[in-house]
Amino acid sequence: MITRLVYIIDFVNAWLFYFIWRKCLHAVVRLPASRWRRICFECSRRKIKMAIPGPGMSAGSLSSVTLQLLLNLTSIYFVFYFLFTLSLIIKKSLELPYPSDALTNDVGLLLLFAALEFLHFYWGARGNLTESDSYMFGNLIMTVATILLAVYFLVWQTYVMRADVIISSVLITVYGADGVLALSTLAKFRREYL
């Protein structure tokens, strides 16, 4: 079952890479020779190096385009989630009898959630783009931690409204897809470099 899922994810990655490469190839072919010389001169003047595989590295890229897109979409959705949840906490504290220790607990956990989401995005993007096992493993740990915090805001918050249930369920679903993609990407890295 997992191998089929990995093959499906690889197929989607290859499909996205093909269309992105096709767009870039059309843009490159249209450049005149004088523009190419100017680009090459700028690269040599600034000493820009191309990504050349070193010892123990493959010539192809193992980074997942789908994972990178999902990480970016997750971070954008989390900004919406954070602001919406914070506004719901403020609304609940003004309209409902909210104990002060529970209010500080909910706000503190929401701020911790934001910090962990930043680490989740940073380690995931860095691990995917540099093909690093350690960063991808850190991303998986942060995925588990953020899922647990999302479950807290879904189930164990002081007052849970229907809007909390909806946005937390969407976030948990996105984190689950992110975790599966990160795990398959980590498996590709481990298979290639071991």
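The first residue you see is number 1, and the count goes up from there.
Every residue gets a Cβ built from N, Cα and C, even glycine.
Taken from TrEMBL, the feature transmembrane segment applies to 6-29 (among others).
The transmembrane segment annotation in TrEMBL covers 69-90 (among others). Remote same-chain residues near the transmembrane segment (69-90) are listed as 16, 103, 106-107, 110, 113-114, 117, 120-121, 124-125, 128, 153, 161, 163-164, 167-168, 170-171, 174-175, 177-178, 181 (criterion: CB distance under 8 Å, separation of at least six residues from the stretch ends).
Taken from TrEMBL, the feature transmembrane segment covers 102-123 (among others).
Among the features that TrEMBL reports, transmembrane segment is placed at 135-159 (among others). Using a Cβ-Cβ cut-off under 8 Å and counting only residues 6 or more beyond its ends in the same chain, the transmembrane segment (135-159) has close neighbours at 85, 92, 96, 98-99, 102-103, 105-106, 109-110, 112-113, 116-117, 119-120, 123-124, 126-128, 165, 168-169, 171-172, 175-176, 178-179, 182-183, 185-186, 189.
Residues or ranges marked as transmembrane segment by TrEMBL: 165-187 (among others).
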